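J.: Sharing a structure here in structure tokens format.
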Amino acid sequence: RETNENDYVDIHKGDKCYSRVGKSFNGGPQPLSLGKGCTDFGTILHELGHSVGFNHEHSRSDRDEYLIVHKENVLSGYERDFEKLWENKTRTIGDFDYDSIMLYGLLCLFKGSV
């Protein structure tokens, strides 16, 4: 849909599921891609969460107090999704939320077999 707004979330069918975290510094359209397998309610909410400024719950600076990330089990090319954010570069809201829509599931991007 067309808009006269300068800053907006541009939701489109893409190759992957992604959105920038928060508003772009320079403004303008912010892409939110919903690729194959990305159109379930939870994934759409997750990507919208990124678009309004929420980081992954498992990337919190204090995440090691709540969970263990086995980086050797992460699919190649997705290691960045599990990096811990610096405390002075992000803000946490409340306690760690194991039920957060911003927390990847147990086997998300897992390269092994179950």
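Including glycine, each Cβ sits where the backbone N, Cα and C put it.
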J.: Tell me, from C38, C108, which cysteine Swiss-Prot puts in a disulphide with C17.
T.: C38
J.: So if I draw a 10 Å sphere around the Cβ of C17 (disulfide bond), how many other Cβ atoms end up inside it?
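T.: The Cβ of C17 (disulfide bond) has 19 Cβ neighbours within 10 Å.
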J.: Given the model, what does the mean pLDDT over the domain 'Peptidase M12A' (1-114) come out as?
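T.: The average pLDDT of the model in the domain 'Peptidase M12A' (1-114) works out to 88.
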J.: How many other Cβ atoms sit within 10 Å of the Cβ of N88 (N-linked glycosylation site)?
T.: 7
J.: Among all protein chains shown, how many Cβ atoms are found within 10 Å of the Cβ of H46 (Zn(2+) binding site), not counting that one?
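T.: The answer is 20 other Cβ atoms.
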J.: Cα distance, H50 (Zn(2+) binding site) to N88 (N-linked glycosylation site), nearest Å?
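T.: With the alpha carbons as reference points, the distance is 19 Å.
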